[in-house]
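According to TrEMBL:
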| type | residues | note |
| --- | --- | --- |
| DOMAIN | 8-134 | domain '1-deoxy-D-xylulose 5-phosphate reductoisomerase N-terminal' |
| BINDING | Thr14, Gly15, Ser16, Ile17, Asn42, Asn126, Glu128, Gly207 | NADPH binding site |
| BINDING | Lys127, Ser153, Glu154, Ser178, His201, Ser214, Asn219, Lys220, Glu223 | 1-deoxy-D-xylulose 5-phosphate binding site |
| DOMAIN | 148-231 | domain '1-deoxy-D-xylulose 5-phosphate reductoisomerase C-terminal' |
| BINDING | Asp152, Glu154, Glu223 | Mn(2+) binding site |
| DOMAIN | 263-379 | domain 'DXP reductoisomerase C-terminal' |
Amino acid sequence: MKFPQKHIAILGSTGSIGTQALDVVAAHPESFTVEILTAQNNAELLIEQAAAFRPNVVVIANESLYDKVFDALDPLGIQVYAGAKAIADVVQMDSIDTVLTSMVGYSGLIPTVKAIEAGKQIALANKETLVVAGELVTALAREKGVNIYPVDSEHSAIFQCLVGEFHNPIEKILLTASGGPFRGKTRDELLHVTKAQALKHPNWSMGAKITIDSASLMNKGLEVIEAKWLFGLEASQIEVVVHPQSIIHSMVQFEDGSIKAQMGLPDMRLPIQFALTYPHRLKADFPRFNFAQYPSLTFEQPDLKTFRNLQFAFDALERGGNMACIVNAANEVAVAAFLQDKVGFLQMSDLIETCMNTVAFIQQPTLDDYIETDTETRRVAESLMSKFENLKI
Ligand SMILES: NC(=O)C1=CN([C@@H]2O[C@H](COP(=O)(O)OP(=O)(O)OC[C@H]3O[C@@H](n4cnc5c(N)ncnc54)[C@H](OP(=O)(O)O)[C@@H]3O)[C@@H](O)[C@H]2O)C=CC1
Ligand SMILES: CC(=O)[C@@H](O)[C@H](O)COP(=O)(O)O
Ligand SMILES: [Mn+2]
């Protein structure tokens with residue numbers, strides 16, 4: 001079977017996933033045409049990428065940067081738009097068949113919904129979309145006959161284990177977690193950790209938000225929720241296993257007890273490429289794993305009492321409705337505040353817990369309810385923050 005050329009939009013092309021996606025494209029120019037690139041603030045890199053990959057369209061979300069991007073790219077015949085609404089509009093263009101959602105945070109939700117409504121295939125890096133509105137988004141994808149291919153390394157691993165097994169029920173998945181830079185630390189030791197320490201992930205180089213999420217195990221919590229919606233699982237079928245080396249990217253256990261694992265060196269280009277090329281595997285020169293260099297692969301249980309965010313994610317799954325949307329919005333405010341030295345590391349969890357107990361719960365949310373919940377949670381979280389700032393340890 002020949003791999004058909006894909007016409008892609010890369011949302012968040014200037015980020016960690018976006019730039020690695022462009023590396024994948026550059027290595028296979030015959031397989032991909034980049035039609036659309038988008039970014040938030042990094043106009044210089046967006047212009048540079050557009051000059052190299054010659055998309056038809058670019059969008060800069062920050063409207064104040066429109067003139068700068070337009071002046072650079074209009075002479076190249078590239079259409080330039082600005083604003084969040086423009087991102088949600090361009091993903092519906094006829095010229096594309098696939099959208100890689102690699103922007104960070106809640107900003108991914110509406111463009112992903114619009115792309116699915118237009119029947120585009122989704123390569124999903126933006127896990128927050130499924131955390132906020134997984135039930136709605138996956139139902140819409142089924143209705144429109146759209147596939148959502150996971151980019152997140154763990155979910156790609158699970159997907160790769162399931163190829164050839166789609167008719168076999170999953171008994172459970174084993175979602176691996178590195179444990180982050182603070183694995184093994186006590187709450188007392190976490191009281192005074194700095195953002196510089198939290199930004200040092202042991203195995204992966206990623207954007208700031210997901211790196212802080214990894215340090216607090218919120219990333220694993222978001223991934224538990226992401227896995228539920230991608231693979232149609234109950235919370236009881238999702239087990240988190242700490243695996244500090246990040247070589248086994250996750251595992252699936254079937255009903256006969258067999259466990260399949262997907263392994264490799266930590267390198268996001270592989271899951272990005274597989275999400276864009278499934279069911280094909282394109283030849284790639286990513287560095288190969290060598291067992292002799294890893295004589296010991298180790299496993300341990302997560303510490304949910306110290307890293308409370310992971311427990312909150314399981315609680316949110318049990319509550320259902322808009323609870324995961326509340327957790328996500330509170331976490332986005334908490335992480336931004338931690339990165340600005342406004343709250344301490346452990347206070348991020350306190351902020352999320354208070355929002356979970358404060359913001360109105362809705363059992364059957366509509367898209368408008370999710371949007372309202374996100375806005376309301378941010379309002380509550382910001383107002384709580386002023387109190388937390390005074391208490392900062
Ligand atoms: N990095 C990784 O290895 C992995 C990432 N993911 C997920 O992929 C997503 C992207 O992560 P990552 O690449 O690390 O993030 P980065 O912060 O590196 O990049 C984010 C991208 O999104 C753009 N962006 C930021 N805010 C907005 C906004 N409000 N509207 C539109 N665009 C915006 C940024 O533009 P600008 O540069 O102009 O600010 C940038 O292009 C996240 O959801 C993350 O959880 C999942 C697995 C692994
Ligand atoms: C590369 C990737 O998928 C990240 O989500 C990574 O998994 C973060 O690692 P931990 O959250 O396990 O520390
Ligand atoms: Mn991951």
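Using N, Cα and C of the backbone, Cβ positions are placed for all residues, glycine too.
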Taking Cα-Cα distance, which of the binding-site residues Asp152, His201, Asn219 are within 10 Å of Asn126 (NADPH binding site)? Asp152
Pop the Cα-Cα gap between Glu223 (1-deoxy-D-xylulose 5-phosphate binding site) and Glu128 (NADPH binding site) into the table, whole Å please. 9
Whole-Å Cα distance, Asn219 (1-deoxy-D-xylulose 5-phosphate binding site) to Thr14 (NADPH binding site), is 21
Those binding-site residues of Thr14, Ser16, His201, Gly207 having Cα within 10 angstroms of Asp152 (Mn(2+) binding site): none
Far apart in sequence but close in space: which same-chain residues, 6 or more away, have a Cβ under 8 Å from Glu154 (1-deoxy-D-xylulose 5-phosphate binding site)? Leu175, Thr176, Glu223, Ala227, His249, Ser250
Quick one: of Gly15, Gly207, which of the binding-site residues has the smallest count of other CB atoms within 10 A? Gly207
Just to be sure I understand, if DSSP states are collapsed into helix, strand and coil, how many residues of the domain 'DXP reductoisomerase C-terminal' (263-379) fall in each? 68 helix, 2 strand, 47 coil
Would you mind reading off the Cα separation of Thr14 (NADPH binding site) from Lys127 (1-deoxy-D-xylulose 5-phosphate binding site), to the nearest angstrom? 18
Most isolated by CB count within 10 A, of the binding-site residues Thr14, Asn126, Asn219, is Thr14
Given the binding-site residues Lys127, His201, the candidate whose Cβ has the fewest other Cβ atoms within 10 Å is His201
Secondary structure split (DSSP) over the domain '1-deoxy-D-xylulose 5-phosphate reductoisomerase N-terminal' (8-134) reads 65 helix, 28 strand, 34 coil
I'd like to verify something. Among the binding-site residues Asp152, Glu154, His201, Glu223, which ones have a C-beta closer than 6 angstroms to some atom of ligand 1? Asp152
